[in-house]
Each structure stands twice: as C-alpha cells, then as structure tokens.
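**Q** Before I ask anything, let me first share the structure, which is written out below as structure tokens.
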Amino acid sequence: MNLILLAGLFVIGGVYTLPVKHDSGKPPIKAQHNPGSGVENLIENLKGNDGDIKLTEAQIDKLLEETENPTRSKRQASTTDNKWTTVSYYFDDASGYTDDQKDLMRAGFNFWRDNTCINFEESETADDRIRVAKIDGCYADLGMNGGEQEMSLVDSCMRIGIASHEMAHALGIWHQQSRSDREDHVTVYNNRIKTGQGSEYAIKSNTDNYGVPYDYGSVMHYEEGASGPVMEADEPLHQKTMGQRDGPSFNDLLLINKHYDCLGICTDDLGCQNGGYPNPADCSRCICPGGFAGTLCDKRPSSTNAEFCVSSSISATTSWQTFNGSLNRDNIAGLSTESCTHWIKSPEGTQIELEFVQMKKMNYSCRTQSLEVKGAQEMTMSGYRICPIGTGIVSLSNIPVITTLGNKAILILRNSRGTFGFQVRYRYIESNNNGDCTDAFPECEGYAANGDCEWDLPYMKDYCSYSCNFC
C-alpha cells in the first residue's frame, strides 16, 4: 500500500527494453510493453497527467531525459529530490467545502502526520503550499515543486483513503502498480487499457522501494478495473485486495518513513511486537500492522463502534467449529466505514485452517463491504480481501481452504452500507512450518537458489528465512 518513488520509466510506447534487476539484486523482471507509438505518445500521456497525478513541465522533461538516456543516474532522473519540511495546505474558500468535508480531508492528511516525522499545517501564506480545491476529479501534483501547487478533491473524492492517497502523491509517491517489480506480482493486460491511459500502468524503472515488499493492499494501488478489467493479481486471493481506499497500509507508512528518514528518530527499543516499530511521531508507542493495536502491537483492536459489532477472540480446537460474524449498517449512502476485528487463536506449534462457507451482503463494491483475512502471509502484509458479487446469501465455495503460517488468524470486517456478514469453519492442525521459520514470499526459493542468501543477507534474513535455512 508501500509506495513508489519516481526515478524514470521502464518502457516507452511501443518499445521493449532489456529486463532490469530489482534494486535488491533479485532475478530480472519481464519486459513490459506499453501501448503507444513512441516518445510522442508518452509525452501526450504524461501531459494528460498520470491518472490522478499532475506533472509539471520540468518533471516531464526529466522523465523524457531518463527515457532517452537510460544510463543517467537515479538522482538526476528523480522528481522527488525536494522533500517537504512542513506540508502546508489550505482549503480554497471558493470551493465551498462543508465543515464535515474539511474534517474528512484533514483526517486523511493527518494520518501521515500522526505516523511519520512529517509536519503538517494549514496555511495559505507559506512559501510552499498546497491549494486544496474542487477543480476536476481527484488528483494532486507530484512531490514538492515550490510555490503554490494544486490538489483537487471534488465531492466524489470525499473518503479518508482518497484524501490520504492524493496527499501521498504530494509527498512524492507514484502508484503501487508502477513499481519496478510490478510484474512479479501483477499481470497487466495492455490491450484492455483505455486510450490515453497507458502511462497509468507504465512501470517506473529504478524506483527506490527501500526494500519494502510489494503490497496489494497499498492505498496507492489501483483496483482491478480502475480503468476497465486491466490487472490480475498473481495471487488470486489478492484480486480484490487491490484498490482499497480505507487508508494507508502498514507498508505505505513504512516506505514514507524510510524515504523521509524518520526511522532513526526513536532511539529506544520499545519491544514492538508482530512486526511493529516505534512511531517517529510519538516514540512512546508503536506503529502496528493491520489487525493489531496497543502500545506494543500486542492487543486486538476494538471495534470502531460496538453498536454494530463487537471484536472478539476465539480459540480453535482440532475439531471443525463454525463462527458467524456480522457488521450491519443502515442501507444509506454516505455513512462512515466501521470495522470489527476477530482473532482466531490456537496453541503454539499449530496452524489454523479456515473454510469460508457463505456471506450475507448487498451488491456493493469491495470499498463498501469487505472481509480481510490475515495470517496466511506475514502479518505485516495486507491480508486477502473477500467480497464476492451478489446480493443476499452468497456461497464462498470457490475460495480454497486458507491455512495460516502460525497460530493466529485475523478477520477484519469493514462496512459502510447495508447488511454484511459471513460464516467460516475453522480448526487447527499440527504445524509443518518448522515453527516460526517461514518465507514471506513464494519467490524466496528462487532467490535462495540464485545465491542471494549470501549476496543480499539483510533482505533474505528478513523475508526468506526458511529457504535460506536461517532458522
């Protein structure tokens, strides 16, 4: 929901380039063909903005220089050299934002303030500032460009996740599906991309991802059909994870904190658990992966509103048991998103099997009603999102049994409108994962065979312990 920092383009319209290696030295990614007819088409796409990103003429020039001179250094190609010291913004009075709309946008902006070392202020007199206005759709200038720059948030953009998404662009961030390692995780069908939107799916080569893994649940990821049915997740259960706009993911925050050099601010080891780390905005508490809460990330989050759902912890046994969860709302548009978190736990040295039976739902999108399932991958990663098409009782028989890596499964319901619930069967089995020794990604076996356990020790120790026999 990691974010992407621009450093050039991997492809130009109609031209294949040679494969490049990941910054971490992982095996080459496949060449990507971007529809178009050469540099002229690329210019046209860029000047029409990269979806919701508005580029300056200078940024376009830098992109074209990188395209024409691929050996130039990353620093020269980057449009994110200038970072904000303090992000100053103001709401344009002429746009007529209501107080509720301003509060919602502030919540989206302040999520970054409250979880990074970046300062935010409202000011229309600061030398460098963002004018937030109802201009045309949802978009933002990329990075800090100096002087006054724009962010457009019209009425249809009034969602915390959209406001935080656009502010991430203003902080210098590209879309998740533009990462240089995108093709290891997502297949893009170029023949389905609408004319003039090719640049939205073009891979930005040499992007600095700071070792943060690709996150299907990044708030910067497009949904599968944001411009038609264009993208397919290599992990089928993550197909609906793409495109969430509830807010920045754990890895989105991690990338911003690395890019803005925030992680060295907190010097004391708090003992954060479950992959959390000290919050540079408040070193007395940890930033936690989704599904965890508390000062040290060792608690289950409370429900956002106990009137609709009460979070719970459930113990699994070796026999199949059934759990029914629900989070029902009035069938009225414009309600806030409420969430509820359930933990299913089992003894140490075991794994949990989840067999999803059915859902009771309205025929709304995944951004309105969804169930996130965590535990089958590292807890720092976004979980699978389940939100089938249909109204009423919808069978989930097409979803395979999900087995957790360890002895905990996390189920997060989110709903902003209508009836929503699910039924799951669960039990635990003896672990075959050699304790907590696991790989974060299926590619780890290939990385190890390539000799990366020695060549890239820090990365492999963090993400590929099992394949490298580190435990």
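Using the three backbone atoms N, Cα and C, a Cβ is placed for every residue, glycine included.
For E166, the entry in TrEMBL reads active site. Under the heading Zn(2+) binding site, TrEMBL lists H165, H169, H175. The disulfide bond feature in TrEMBL is assigned to C437-C471. Feature annotation from TrEMBL assigns domain 'Peptidase M12A' to 69-267. Annotated domain 'ShKT' per TrEMBL: 437-471, in sequence order. Annotated signal peptide per TrEMBL: 1-17, in sequence order.
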**Q** In whole Å, how far does the CA atom of H169 (Zn(2+) binding site) lie from that of C437 (disulfide bond)?
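**A** Per the Cα atoms, H169 (Zn(2+) binding site) and C437 (disulfide bond) stand 37 Å apart.
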**Q** What's the number of neighbouring CB atoms sitting within 10 A of the CB on H165 (Zn(2+) binding site)?
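**A** So the number of other Cβ atoms within 10 Å of H165 (Zn(2+) binding site) is 27.
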**Q** For the domain 'ShKT' (437-471), DSSP counts of helix, strand and coil?
**A** 17 helix, 2 strand, 16 coil
**Q** What's the CA-CA gap between H175 (Zn(2+) binding site) and E166 (active site) in angstrom, rounded?
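**A** So the Cα of E166 (active site) lies 10 Å away from that of H175 (Zn(2+) binding site).
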**Q** Per DSSP, to which secondary structure element type does H175 (Zn(2+) binding site) belong, with helix, strand and coil as the options?
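**A** Once the DSSP labels are grouped into three classes, H175 (Zn(2+) binding site) ends up as coil.
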**Q** Three states by DSSP: which one describes H169 (Zn(2+) binding site)?
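**A** It is helical.
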**Q** If you average per-residue pLDDT over the domain 'Peptidase M12A' (69-267), what number do you get?
**A** 90
**Q** Please report the distance from the Cα of C437 (disulfide bond) to the Cα of H165 (Zn(2+) binding site), rounded to the nearest angstrom.
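**A** Cα-Cα distance, C437 (disulfide bond) to H165 (Zn(2+) binding site): 35 Å.
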**Q** Does anything in the same chain, at least 6 positions from E166 (active site), have a Cβ under 8 Å from its Cβ, and if so what?
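**A** Counting only residues 6 or more apart in sequence, the Cβ neighbours of E166 (active site) under 8 Å are D52, G108, C138, Y139, A140, M151, L153, C157.
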**Q** At 10 angstroms around each C-beta, which of the recorded positions H169, H175, C437 has the fewest other C-beta atoms nearby?
**A** C437
